[in-house]
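A.B. asks: Once you've had a glance at the structure underneath, I'll fire off some questions.
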Amino acid sequence: MSEQIVTPESSTPVVSNNEAKINLLDLNRQQMREFFKNLGEKPFRADQVMKWMYHYCCDNFDEMTDINKVLRGKLKEVAEIRAPEVVEEQRSSDGTIKWAIAVGDQRVETVYIPEDDRATLCVSSQVGCALECKFCSTAQQGFNRNLRVSEIIGQVWRAAKIVGAAKVTGQRPITNVVMMGMGEPLLNLTNVVPAMEIMLDDFGFGLSKRRVTLSTSGVVPALDKLGDMIDVALAISLHAPNDAIRDEIVPINKKYNIETFLGAVRRYLEKSNANQGRVTIEYVMLDHVNDGTEHAHQLAELLKETPCKINLIPWNPFPGAPYGRSSNSRIDRFSKVLMSYGFTTIVRKTRGDDIDAACGQLAGDVIDRTKRTLRKRMQGEAIDIKAI
């Protein structure tokens, strides 16, 4: 019997916390146009309002000066623009910023990573995570629910507003978004896809599809479905050169093994233009677990039929974790083996680890409503794609 991952409580509500009003951040452009049509307005009004919402991070209808007063008044009666609030901010010595963002009575974490030529925002898709990857802090928090569209795109909106207001400090505007925060995005397709549509929309944030990246641990039915819904860059959390190791550290592999996963990746690449023909492989380096030169040779053989570049990620510790970080010398030897096979191989620079904002360290504040035994069934049995 298959398990349903998306529950009734986690599907996208049309109505916000204020039961009388629709949160416009929950609507992509098609839905926004339908909303205005139902108000008796022309569809172009949706474009106007979205431009104010996303180009100027405006949440006040009275400031939308190219909208007539009558319509502004009507909008105030039936709608609102409500992004989740930042309740805590931490700044790293390397410029990385981590925001704890309130979603109801819980928190998720969003990370802003500035670089010389760009700024990347790492966005969460769920409150917690059900997949229990052993090396990841988020997985140890359990799982509560999927984020709504407004809570996903609202992270980008809130970050853009903060960075935009701080232009005098020299902070770089957001150029890239990665769905690599808390949660497994493919277990929340219903809400993740509309949020990414807004990121790509010219009346939304207007990002290139090559600058919006979704990372997955391998929910194969949902990955096949994603390719028919939207085209964005794809990264996969592989982390092991064989099924024996991956079964242990990424338990969903017991249901969708590496061969099955990579087959779905290749099918996605056939449909995608955003990836320019290759996928990004994420590989966390765990000391004497998956980081030997024999593992590097196995990985190279495993990936020879999958066009890719490989990101080696030094593991970032968290309390109670059973692993150690690979030494620089082991990472260097591993990298050289991969490059000898002709793979583009990058050792990811750790950012924000002094504020627990680095890869695998995001935890938030999660009320775990998914029992551990249920989570194990979710990993060991078929996932109902109709529920995704």
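Including glycine, each Cβ sits where the backbone N, Cα and C put it.
The annotation active site, proton acceptor is assigned in Swiss-Prot to E109 on the grounds of sequence analysis. The active site, S-methylcysteine intermediate annotation in Swiss-Prot covers C359, and the record cites sequence analysis as its basis. Here Swiss-Prot flags C129, C133, C136 as [4Fe-4S] cluster binding site, drawing on sequence analysis. As annotated by Swiss-Prot, S-adenosyl-L-methionine binding site applies to G183, E184, S215, S237, L238, H239, N316, with the evidence given as sequence analysis. Swiss-Prot lists C122-C359 with the feature disulfide bond. Taken from Swiss-Prot, the feature domain 'Radical SAM core' applies to 115-354, supported by sequence analysis.
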A.B. asks: Inside 10 Å of the Cβ of the residue listed as 'active site, proton acceptor', count up the other Cβ atoms and send me the figure.
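C.D. replies: Other Cβ atoms within 10 Å of the residue listed as 'active site, proton acceptor': 24.
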A.B. asks: Fewest other Cβ atoms within 10 Å: which of the binding-site residues C129, C133 wins that one? Let me know.
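C.D. replies: So among C129, C133, the binding-site residues given, the one with the fewest Cβ atoms within 10 Å is C133.
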A.B. asks: Cα within 10 Å of E184 (S-adenosyl-L-methionine binding site): which of the recorded positions C122, C129, C136 qualify?
C.D. replies: C129
A.B. asks: Can you tell me which recorded positions out of E109, S215, S237, L238, N316 are within 10 A of C129 ([4Fe-4S] cluster binding site) by Cα, answering none if there aren't any?
C.D. replies: none
A.B. asks: Nearest to C122 (disulfide bond) by Cα, among C133, G183, S237, H239, N316 (binding-site residues)?
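C.D. replies: If we rank C133, G183, S237, H239, N316 by Cα distance to C122 (disulfide bond), first place goes to G183.
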A.B. asks: Long-range same-chain neighbours of S237 (S-adenosyl-L-methionine binding site), Cβ under 8 Å, sequence gap at least 6?
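C.D. replies: Counting only residues 6 or more apart in sequence, the Cβ neighbours of S237 (S-adenosyl-L-methionine binding site) under 8 Å are C133, S215, T216, S217, G218, V250, E282.
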A.B. asks: Among the recorded positions E109, L238, N316, report those whose Cα falls within 10 Å of that of C136 ([4Fe-4S] cluster binding site); none is a fine answer.
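C.D. replies: Passing the 10 Å Cα cut: N316.
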A.B. asks: Pick out which of the binding-site residues G183, S215, H239 has the most other Cβ atoms within 10 Å of its own Cβ.
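C.D. replies: Per the Cβ count within 10 Å, the most buried is G183.
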A.B. asks: Do you know offhand how many angstrom separate N316 (S-adenosyl-L-methionine binding site) and the residue listed as 'active site, proton acceptor' by C-alpha?
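C.D. replies: Here the two Cα atoms lie 16 Å apart.
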A.B. asks: Applying a 10 Å Cβ distance cut-off over all chains shown, what neighbour count does C136 ([4Fe-4S] cluster binding site) have?
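C.D. replies: Taking all protein chains shown, C136 ([4Fe-4S] cluster binding site) has 27 Cβ neighbours within 10 Å.
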A.B. asks: Between the residue listed as 'active site, proton acceptor' and H239 (S-adenosyl-L-methionine binding site), find the distance joining the two CA atoms and give it rounded to the nearest Å.
C.D. replies: 23
A.B. asks: Would you mind listing, in sequence order, the residues at least six apart from L238 (S-adenosyl-L-methionine binding site) in the same chain with a Cβ closer than 8 Å to its Cβ?
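C.D. replies: Expected: R246, I258, F261, I281, E282, Y283.
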A.B. asks: Note down the number of other Cβ atoms within 10 Å of the Cβ of N316 (S-adenosyl-L-methionine binding site), including every protein chain shown.
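C.D. replies: Its Cβ shell of radius 10 Å holds 22 other Cβ atoms.
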